[in-house]
Ligand SMILES: Nc1nc2c(ncn2[C@@H]2O[C@H](COP(=O)(O)OP(=O)(O)OP(=O)(O)O)[C@@H](O)[C@H]2O)c(=O)[nH]1
Ligand SMILES: [Zn+2]
């Protein structure tokens, strides 16, 4: 192994760069480009980028549909940046917060020629950095020399697709005893992905027998529900009811997965909430932002259960996708245990939308 960063380490660097507004160099298919996330871009960098060529804006097909534009590349749309366009033009296209107030963003010139592969990779990177899926690209020549000269992170397309498609191995960092009010005696295990991404937690209640199906819950982080007691969702009551049920049975395992906002991050979830205040439901809000309904990678949960030695679970969930995913990852789900708690006047429409559009069982 060489001393310098591996492709996964450069990918992790690239996420940090994008969050800071620093361009990364992408290369593949005989082309190369500088890419920045629109959300983190400032006017000075935009001016600097223009010095190297004509910027192109990449948006997802979901965002394009909201803007009533055809996504000629299938899953994404490329727009040539007008010469007069300033940062607020880009922000208005990337961020739907003002869609209703300022509906017309034109004139917009969609690009149809050439490859969209670099744009697609830039959008994947922005999403994986938990930023709005909107990227600005400037085509360049001689990418390796360019990256070296400007001290930028360099990534090949095949590295990005391979590293984002595989699940980063998760290593247990530490575990310690944790008595809990709801569940009694337990142990908290911390798992850290090798790609430097978010850590995830497993709470083992009692001393579950690995030879028998364990009562299990895959809980996705919800700062608003779990910590603040938000009434907009059912997460807090589900978390506490699951722990209480494990305590009552004397054994269980609850995974607390840091996939806030169904994998879009808390900032984007709050953007979705502000769209919900404009009248859109939870699924429509995700789409207007440019995301899919659910951006979570449930393989993480399966990997952690396997690491802890569990192969059979009684899964506490109303979401059939979680059952299907665990089975697809080789775990046996002997039973789905419904978890219907926390319904109130504020979240009734949210729960009804999840049942109607996301297949949740009521
Ligand atoms: N994007 C988005 N995420 C939300 C919204 N409301 C809640 N969430 C997130 O949705 C996730 C809910 O996770 P879970 O309760 O584990 O999953 P679920 O798919 O509802 O399935 P079960 O609860 O197991 O039936 C959490 O990550 C929340 O932060 C919303 O309106 N928009
Ligand atoms: Zn919630």
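Backbone N, Cα and C atoms are what each Cβ position is placed from, and that goes for glycine too.
Matching 238, 340 to the GTP binding residues that TrEMBL gives (217, 218, 219, 220, 221, 260, 261, 262, 282, 317, 322) identifies 238. Annotated by TrEMBL as transmembrane segment, the relevant range among 20-41, 42-63 is 20-41. Same-chain residues with CB within 8 A of the center of the 222, 233, 235 CB atoms, the Zn(2+) site residues themselves not counted, are 220, 224, 225, 226, 230, 232, 234, 236, 238. Long-range Cβ neighbours of residue 235 (Zn(2+) binding site) (same chain, at least 6 residues apart, Cβ-Cβ under 8 Å): 219, 220, 222, 224, 225, 226, 342. For residue 233 (Zn(2+) binding site), other Cβ atoms within 10 Å of its Cβ number 21. The recorded positions listed here are 217, 219, 262, 296; among them, 217 has the most other Cβ atoms within 10 Å of its own Cβ. Taken in sequence order, the recorded positions 217, 294, 296 that lie near ligand 1, meaning a CB under 6 Å from one of its atoms, form an empty set.
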